[in-house]
Structure formats: C-alpha cells, structure tokens
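The annotation compositional bias 'Gly residues' is assigned in TrEMBL to 582-607. Annotation source TrEMBL lists region 'Disordered' at 578-607. Sequence annotations record features per position, and here TrEMBL assigns transmembrane segment to 12-31, 43-63, 99-123, 148-169, 194-213, 318-340, 352-369, 381-407, 419-441, 518-537.
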Amino acid sequence: MMASAGLLQASLIWLAYGVAVALVLLVAIITTLTWQTPHERSVAVSIVSIFSLSALLATVFLLPVDIALVSSTTSAHLGAKKDWATQSRVDGILQTLKIVYYTLYTLDALLCLIVIPFTYFWYEEYDEVEEEEGTRSTGARLWQALKYTLGFVFLVVALFLIGFFVPAAGSSQGRHMDLDYFKRLLAANNGEKALTFGVGLLMTLGTLLYILYTGAGLALLPVSFIKSAPSISAPQLSVITASDLERNRELQRQLEMRNAGRTDGMSQKDRREMDALLREERTLVRRERLASEARGDGRSKIYHAWTKVQAVFRPFKLLGGIFLLVLAILVWVSMLITGIDKAVNSVCKQHCGYILGHLNVFQPINWIFVQSAKAFPVDYILMALLVLFFFSSSITGLATIGIRFLWVRIFQIKKGRTAPQALLIATVLLALMILAINYAVAMVVAPQYAIYGTQTFCVNTPRHPGEQPDCREHRDMVRPCSEVFNEPAAKDVCTPTVMSTFLNRVTLNWPVFGAVDFWAQFAFLAVFLVVFLTSLFRTPRLNLSELDEEAEADEEEGLLASTGRRFGATWQDITGRAKRGAGAGAQGGETYGTTGNGNGAGSGSRA
C-alpha cells in the first residue's frame, strides 16, 4: 500500500511535467511564428527553433521535478524516510532523473553546437537567384553548410579532450574535505571529469550572458507589463492624428497661396517650412494608417472582439506587472543575502565554489519555498513559476538589448521583425543562459530548498542500533537537511537533488568555474539595480520611428507617473469611441502629434 502511494505521487509529478512539456511546445510554436519576420520565414529555421525552444524549456522545468521527487521520499514532520522509500527505490528515482537530465542536456548540446549552426549556414547559403537559375545544386549547398559546421564539432571534441586529460583542480583539495558529502562530489573517473569540465565552461560562458541579458530583463519584464497600457487609445490617436493632418495640409495650402504669384518660387524660409510640413505630413499619414490598423478597421468581428478583450485585461496586466516587480525585488534581496552569507560563511571558500553548509541569515525566498512545501504541490508550482520568470526575463533582455558584439548591434529581436539568423543565435544564447539560471536558482536564489527540498532528519538517538531515529514525540529534534551534517541519520535520510549534486561537483572539481560563477552573481545584482532605477525614474522619450513602425504610441511619462489616463485609454479602446473634444493639445495641453518637435511646423500652426 505504501509503495503504491509513493508510486502514485511520483507518477503525478511526472504527469505534471508531461503537461508542462506539452504546453511548452505550444508556447515555442507561438513564440517562433510571432517573432520571426513573415517575409523571411524558412521552414528549416522554424522547425529547428521550435524544437530547440521546446527542449530548452523542458530542461528548465526539470529542476522543480527534481526537487519534488527527492522531497517526496521523506516525511518533513518526522525527519525520516517514508516506508516505501527504500534505498533501491530512491536509487531508481535518482537514476531516472539522471537519464532524463543527461538526455535533455545532450540534446541541448547537439542542437546548439551542431544542429543550429548547420541550419544557420544552410540558410545563409541560400541564394534565390541561383535557385531560380539552377546554377547551384542542393548538394553543393549542403556541403558548404557541413564544412562550416565541422568547426563546431572540433570545438566540442577539444573541450571533451581537455576535460578528460587535464587533472581536476579540485582533486588536490580532496584531502581537506572531511565531510562525506564533499568526498562524494569529487569526480571518480575521467569521463565524468570531462563532462563536468565541459558543463562548467559552458555554464561560465552562459553566466556572462546571464549577467547582461537576464539581469536587465529581470528589471525590464515587470516594467513592460506596467507600461502595456498605452497613454492614448487607438480611437483617440486616430482623432488627434486626423486633426493634426488637417491642420498640416491647411498650412501647406497657405504657404502655396502666399507664394503663388512669385516668379522666383518660394523664399528660403518658406521652403524650409514647407519641407518640414511635408515630412510631418508623411509621418502623420503613416500614423493615421497605423491607428486604423490598431482599431482593426477592415478586420473581422473576431479580431475586433479580441482587441476589446485585450483592452479589458490591461488593468490586470498592470497589476501583474506590479506583482512581478515586487517578486523581482524579493529575488534580488534574497540573492544578495545568500551571496554575502556564502562569501563570509562558506565552509571552503574558493576551493569549492563557495558551497554553503546552511543558511545563517533569514532568506525570504528560501523560507517561502520551505513553508509552501507543507501544502503539496504549491512549492512545485512556485518553483516552476520562478524558473519560468528567470527564463522570460532572459528573453526580455534579448529583445531589449539585441544580439551585440561589444557595443555594435548585429541583430535585433522584435515581434514580427526577427531575422531567421537572429532567431537561431538567440536560441543558442538562451541555452547557455539556462545553465547559468540553473546555477543561480540552485546555489543562490533558494540554495537550501533547491539542494534538499523539504527533507529533514531526526537527531534523536535510535532505540536499537540500525533503526531510524524516532521524533514523533520530539518534533524539536527534527533538523533540515544540510551539506555540513555528518550524522549517520542525515546520511541515511537526506538525498540531494541531481542538479545540485552535479553543479557542486563542477565547482568542487574546477574551483575557478565556481569562483567566477559565484562572484558573477554580484555583477548580476548590480546590472539589475542600475536598469531598475533607470527604468523607474527616467522618463522615456517619445520615439516617433517606433510609433510609426510598430503601431504603438511610446510612453510620455515615467513609471511613477499617474496611471489615470492609462485607464481612460483602456475604457476608450473597450467602447471604441474617442473622448469628446479630442484634438491637438486637448489633453491638458499635451501633444501626441509632431507639432512642437522643433521642425518649424509648430510655429507655423500658431501663425
């Protein structure tokens, strides 16, 4: 009966993971088709991107499964293994997790180091003229793509050989590690050592990307939700644009009539003003078309209904953005507390990547997970959402910063404007950042929970040798599992997660990777703080080019400004009617057109 209960709980956890993977596939399809440029779509690029994003997200969601499975083997209230959790069953759970981990990470490595580079070069080798004329065969294109991809294959082989033959730096520290937990982390064979070296190197490279993209995205993602409600509605923008366009054309007629009888044409001053008005007219015409598209003119009733539903839910997006902002600040504070705690109280400092035996200071995120674990599966859902929050922040950072080499932007990531090459490169960057996110969540954000979950052990003396200690009458003698405990009861009961064991093995065998990854967390916190304060207090400039190209008005007030007009714009989008008396400057003297932009048209409108 007990065995059936354990099997049922494990099955439910894997079933939840299967549902999450199915949803992940749907999200990957929608994301790829939404972000890719419509007129440059490639079937090969789309398929590879969808499959790669699905594999990456499946890897991300495996960490909560890992924590939930090892936690299910122990009774948190009694500090003892459950009756069904025999050593063979626990070993079976760990073995299954290892197989899934190795399969997914191997798949991710093959996709990022071989399949995606090949697809990139395959797409680059495509020439429409040569295809139409038939001057180049598919075999020649295939050979060129394979030739460039071989460089990445050699890189993978070189990394494996370096890790296989170079002595592990942490092996010399093994004699100083008296705890069994640390002894078990030292690599026992060259194959495992090579794997830890490869993952450690890729994780360190991913951490550098994680600092920039995830750090900035963690601050910008909540802000993007808060700013999702426009400061002006589509009907209001249409009315204002029509008014400005009518005024602009009237000014042009006045200038033409003023210079109608001149034989030498317009004066230099009038010519400059006419040129400014013509430029403004082109902008207003584009804006009028974009406002019409935003209202859904010429679209089906279903599209109109969808736009109104989006408008209805804008206030909820605002509230969601505020919640995410609070969560981001809470994560930042928790990471800072853990970082300082590790730097001061680590049991072996830089020799093992600043592994912390147990938390010495109250850490809010870790406490929330431990408390929520009392009502399964709340902690599992929260951990999945936390990992998804980090992953979404990475995507937001990529979309905001773009793909750059130093300060030069190579590709831009935008909805409906992302080139196929940019989509493939972004997928590789996300794969590297996922390694860094796994390290951050397991080692810094919620270290004690991510390593042992809700597992506890009993320090009461057993009645008979070989029996489990009994704490049913001594709940005060139940202790949370930790790396530094060396009691026999802790060794028999506490089972670390597969992910934390592998990460600690990397940092212990190759301390340089652990030191870099640890101190990089402080750089991550600094990037978040700078971007957060900048987005919070800096008033965004009105970007006319983005307004004209992307059909959405840029915000004219900062994050701390009043949101009253946002709700007014939302109500107008729901009703489909503009506010009466709307026109240029009708909103308390505010101007949404291009008058007053210094191009000479503003002065002419009041002449």
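Glycine is no exception: its Cβ is also placed from the backbone N, Cα and C atoms.
Bear in mind that TrEMBL entries carry predicted annotations, made automatically and left uncurated.
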Any residues 6+ beyond the ends of the transmembrane segment (99-123) with a Cβ under 8 Å from its own?
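Hits for the transmembrane segment (99-123): 42, 44-45, 48, 51-52, 55-56, 58-59, 62, 66, 141-142, 144-146, 148-149, 152-153, 155-156, 199, 420-421, 424-425, 427-428, 431-432, 434, 498-499, 502.
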If you count Cβ pairs under 8 Å, which stretch among 12-31, 43-63, 518-537 touches the transmembrane segment (381-407) the most?
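That would be 43-63.
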Which one, 12-31, 43-63, 194-213, 352-369, has the most C-beta pairs under 8 Å toward the transmembrane segment (419-441)?
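Between the stretches 12-31, 43-63, 194-213, 352-369, 194-213 has the largest tally.
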Using a Cβ cut-off under 8 Å, which residues of the same chain at least 6 positions beyond either end of the transmembrane segment (12-31) come close to it?
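The answer is 49-51, 53-54, 57-58, 61-62, 65, 68-69, 72, 377, 380, 384.
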